[in-house]
Amino acid sequence: GIPQPLADALKLFVKEWVMPTSSNYLPFILTPTVMLILALSLWQLFPSFMLSTQMTLGMLLFLCISSMAVYTTLMAGWASNSKYALLGAIRAMAQTISYEVTMTLIIIFYLFMMSQMDMVTIRLTSFSMPTIALSIPLATMWVVVILAETNRAPFDFAEGESELVSGFNIEYGGAGFAFLFMAEYSNILMMSLLTACMLTGTLIMSTPLAMVFLWARATLPR
C-alpha cells in the first residue's frame, strides 16, 4: 500500500505526454510546472535546519503565493481548449477567490492574536497557549475553508465527475498530470502543517489533520 503512490508517479512519468491538437502549446506545457513550483515554494515557511531559514513575513508570503495559484488553474483549463476543462477551471477560480477572503480574514485574526507573521514564532507561541482553545468556532470555519481552498470533497466542484469528467486537468496525461497531482497533494500537506502550527503549536497534529481530508471524502461522497 505505501509504495503505491510511488508506482503511480513512475507510471505517469514513463507514459507519453499527448498534446491535444487544438491546445495552446506553450501555456499547456508550462502550467503544470508553474503550479508545482508555486506549491513547493510554500514550504519555505517551514525551516528545515533549526531557524536557518526563518522568515519574518512568512504568512504574507503564504497569502501572496496562495492567491497566485488560482491563475495556474485557470490557465490549465484555458490552454486545453476543452469545454470541460474551461468550465472546471472557472468553477475552481470562483470557489478559490470566494473562500480566499474568509481564509485571509481568519489568518489576520490569528496574526493579531500572535502579534507575529513568522511561522516559527507562531508555532512556539501557540505551543505554550493553543489558540484552538480560544476560538473553536473559528477553527471549525478554518477547517471548512481549507477543504474548499484545496478543492477537496465536499467542495470538489472543479473536478465533478458527473458533470465535468475530470475538470481542468482532463486533457493532461503523463508527466503533466503527475505535476498537477503532486501540486494538489503538496497543498493538502502544506495546509495540514499550517493548521497544526496555527491552532495547536505542534507539527505532530498535522497527520490527523491530513486524515480529515480523507475522512471528509469518504463521509461525504458526491
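Glycine is treated like the rest: Cβ placed from N, Cα and C.
Where the annotation comes from TrEMBL, it is an automatic prediction and has not been curated.
Bear in mind that the values here come from a model prediction, so they are computed numbers and not experimental data.
Per TrEMBL, the feature transmembrane segment maps to 25-46 (among others).
Within its own chain, the transmembrane segment (58-80) is flanked in space by residues 20, 23-24, 27-28, 31-32, 34-35, 38-39, 41-42, 44-45, 86-90, 92-93, 96-97, 100, 103-104, 107, 111, 117-119, 122, 149, 158, 167-172, 180, 187, 194, which lie at least six positions past its ends and keep a Cβ under 8 Å from the stretch. Annotation comment: TrEMBL describes 58-80 (among others) as transmembrane segment.
Residues annotated as transmembrane segment in TrEMBL: 92-112 (among others).
Counting same-chain residues at least six beyond the ends of the transmembrane segment (124-148), those with a Cβ under 8 angstroms from any Cβ of the stretch are 95-96, 98-99, 102-103, 106, 109-110, 113-114, 116, 154-155, 191, 195, 197-202, 212-213, 216. Residues or ranges marked as transmembrane segment in TrEMBL: 124-148 (among others).
Under the heading transmembrane segment, TrEMBL lists 188-216 (among others).
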Tertiary contacts of the transmembrane segment (188-216), as residues 6+ beyond its ends and Cβ separation under 8 Å: 39, 42-43, 45-46, 62, 107, 110, 119, 122-132, 139, 142-143, 146-147, 149-150, 152-154
Same-chain residues near the transmembrane segment (92-112), Cβ under 8 Å, at least 6 residues beyond its ends: 59, 62-63, 66-67, 69-70, 73-74, 77, 122, 131, 135, 138, 141-142, 145-146, 148-149, 151, 155, 157-158, 167-168, 198
Distant-in-sequence neighbours of the transmembrane segment (25-46), which means Cβ under 8 A and at least six residues beyond its ends: 19, 53, 55, 58-59, 61-62, 65-66, 68-69, 72-73, 75-76, 78-80, 119, 171-172, 175-177, 179-180, 182-184, 186-187, 190, 193-194
